[in-house]
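As written in Swiss-Prot, here are the features:
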DOMAIN    6-126  domain 'Peptidase C39'
ACT_SITE  12  active site
TRANSMEM  150-170  transmembrane segment
TRANSMEM  188-208  transmembrane segment
TRANSMEM  265-285  transmembrane segment
TRANSMEM  290-310  transmembrane segment
TRANSMEM  379-399  transmembrane segment
TRANSMEM  402-422  transmembrane segment
DOMAIN    464-657  domain 'ABC transporter'
BINDING   494, 495, 496, 497, 498, 499, 500, 501  ATP binding site
């Protein structure tokens, strides 16, 4: 553990927090940074304040008043110990020796006797916890994701590589000048060996740089991804109810692009500006025509790059809908082949699938043709510029304006100049992508919709009352001015399209607009927060049977808590103990069984018994549904009412339909 030394007597607490954060989270806090982040009282931090600030730095600090023997028995890697007006960190290194990290004196050892004399009887254990995530927005986005030290390191490494390349180009001029009189064969050997070594060294340096970059990039990426996932764990239910899982997963792509912008494009811009300026001046001083060729090469490369960028952007916009359609139809085909046998629907899906595949293939062909065309055009112009430089060089040598060595020198630095100058243009496209990805990442941290409800004291209702409830079911049929009193264990039934499922979904408080009032006892449904309703109102749909094994959703725990042998017999008779593959009826029995330990909730069952065999349906109702009504408020929607002879109340929703 590295010591952070205090500069004032009251700073020991913040230094201790900083040292622990650095050791546990591999952070790099320094003294001045800690002073900025912690509001330091004149008398220093107390143990209670250290507990509070510890959460900000990802530390779970719990303080105690102990005997010395209890201190020795504490199971914690690091322990904060309070001396008189001072805090230190200790580790029990040996049986009678303590390793002390003191922000005032540094690192030293204390025996049990000496530590006991200095100790005041107060200590705190330290454990790793989630760091508090500050709100991320556009104004602080740069400071949260930009690592100045890392960018400086990248620039430094690449400058070394460029310096070596420039020195080698300069050395080539000297070597050729000094060997020009040795004869043609010697010159040829020198040039071949020299340029082979030059190219090999340059490639080696580039590979080393890329390996270092990749290692540091992925280390940084994993850290930021963990930071984002940690921040998501602090979000409310409302946040997740307004964001699909795909929105959260795709942020990994945006994170990569943002980090690439900071760690690749910004260093490249800095390097490119420096190199283009210095080498451009060097070329211009030696020979203006070579500078003009380099500028022409930059213009052509920039034009080709811009065309490729905008073409790819345009074609990708066309591609996305067809890719989404292809994925959607793939899922439907999978369902058709696994869950049903419908040749007519299969042919229809295959027809649309082929159309989507053909469109995607055409788009991919266009992208590939564009890529090859750009590469060939770029190669053609590169060859043309090389011949132009060579031609000018030969003419210059014939006219004795400069020597052969100068031509090789210009070849080297002119190529370097055009390469790095073109990167400046590429930076413009990177900015475009960065702004888009930044917007997406910022939106990840923002809860755009607030929970407008008010958290009331939840109590399982004895009655749900509807007062002048009106809701449109479709264009012409609705429930208008519906006033009802719904009791526990009520069964809702009615003709198809009478709004039974819609009626239950309205009671969840999510997804449907209605007028009038819905009250749980005397509490209006609209006064409850979405998070509260999600926690206390269960809506189960009989057709939504995603679980395929009895192990799903805590089957073993439910079995352990069950005290009724008749339920064990029911599960055995229904074959639910066969955990490899369940039928629809078995899944419904499992679904109801897993509710058996729920209490003080509103449970809405939407045809959750329609697939259960008629001979055991009444047993299922008596053993799994009816017990739920003892500790919960249960409303059912069913077509088959043979089991519901004992239900307290039945409501035929067909009688309340109105044609508009």
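Yeah, the Cβs are placed from backbone N, Cα and C, and that goes for glycine too.
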**Prompt:** Under the DSSP assignment, what numbers of helix, strand and coil residues are found in the domain 'Peptidase C39' (6-126)?
**Reply:** 46 helix, 41 strand, 34 coil
**Prompt:** Which one of these binding-site residues has the most other Cβ atoms within 10 Å of its own Cβ: 494, 497, 499?
**Reply:** 499
**Prompt:** For the binding-site residues 495, 496, 498, 501, which one has the sparsest Cβ surroundings, going by other Cβ atoms within 10 Å?
**Reply:** 496
**Prompt:** Does residue 500 (ATP binding site) have same-chain partners at least 6 apart in sequence with Cβ under 8 Å from its own Cβ, and which are they?
**Reply:** 492, 493, 494, 606, 637, 653
**Prompt:** Taking the centroid of the Cβ atoms of 494, 495, 496, 497, 498, 499, 500, 501 as the ATP site, which other residues of that chain lie with their Cβ within 8 Å of it, listed in sequence order?
**Reply:** 653, 654
**Prompt:** Around residue 12 (active site), which residues of its chain at least 6 apart sit with Cβ under 8 Å of its Cβ?
**Reply:** 6, 44, 86, 87, 88, 103, 104
**Request:** Restricting attention to the domain 'ABC transporter' (464-657), give the mean pLDDT.
**Result:** 80
